[in-house]
Amino acid sequence: MNAEKDSPLPKPQWVYRVGIGQDSHRFLSESSAKPCILAGVIFENSPGFQANSDGDIVFHAICNAISSVTHRIILGDVADELFHTRGITDSSIYLSEAIKSLKPNQLISHVAITIEGNRPKFLPKLSAMRQSIASALNISLGSVGITATSGEGLSDFGCGDGVQCFCVLTVMEYCG
């Protein structure tokens, strides 16, 4: 039985889809000049990440969450092509490409982010990170949740070797 086709209930006008994404990167050496960028925000007192791109794990996790909804692989496909053919390392451009992969009848309605890392200190910049995410996704600030934990030394991230991010993203799809 096809539940959607055979249901006596009317077809809903909106379908909610949930995407999940993850990314992590190891820090470069302390002497690296590459900036540490998270959610498009620069953290001055930490080295950048080992990555072809700027290493923005927050924007990368969001890209992966969108990819889990659209089935279009951005990181490892589109982003690699942008890097190798045009030298583009800006993760906000990768995120723009992920957003473009949404159908015209799909809207991002909410995003939740959690970050784990012993460094940098996230709390002073959480507000700026929320604003940057809201702006990049063209959603209200109230639709962006973000938490961070130090990891208490329990993993490589908690020991300060890198940073990890998970993202849960809700997409509303109009079916009327």
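Cβ coordinates come from backbone N, Cα and C, glycine included.
The following features are taken from Swiss-Prot:
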type    : residues                                            : note
BINDING : Asp23, Ser24, His25, Thr149, Ser150, Gly151, Glu152 : 4-CDP-2-C-methyl-D-erythritol 2-phosphate binding site
BINDING : Asp23, His25, His60                                 : divalent metal cation binding site
SITE    : Asn52                                               : site 'Transition state stabilizer'
SITE    : Ser150                                              : site 'Transition state stabilizer'
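Of all the Cβ atoms in the protein chains shown, 10 others lie within 10 Å of the Cβ of Glu152 (4-CDP-2-C-methyl-D-erythritol 2-phosphate binding site). Comparing the binding-site residues His25, His60 on other C-beta atoms within 10 angstroms of each C-beta gives the minimum for His25. Separating the Cα atoms of Asn52 (site 'Transition state stabilizer') and Gly151 (4-CDP-2-C-methyl-D-erythritol 2-phosphate binding site) is a whole-number distance of 26 Å. Looking only at the binding-site residues Asp23, Ser24, Ser150, Glu152, the one with its C-alpha closest to His60 (divalent metal cation binding site) is Asp23. Of the chain residues outside the divalent metal cation site list Asp23, His25, His60, Ser24, Phe49, Ala51, Gly55, Asp56, Ile57, Val58, Ala61, Leu75, Cys165 have their Cβ within 8 Å of the site's Cβ mean position.
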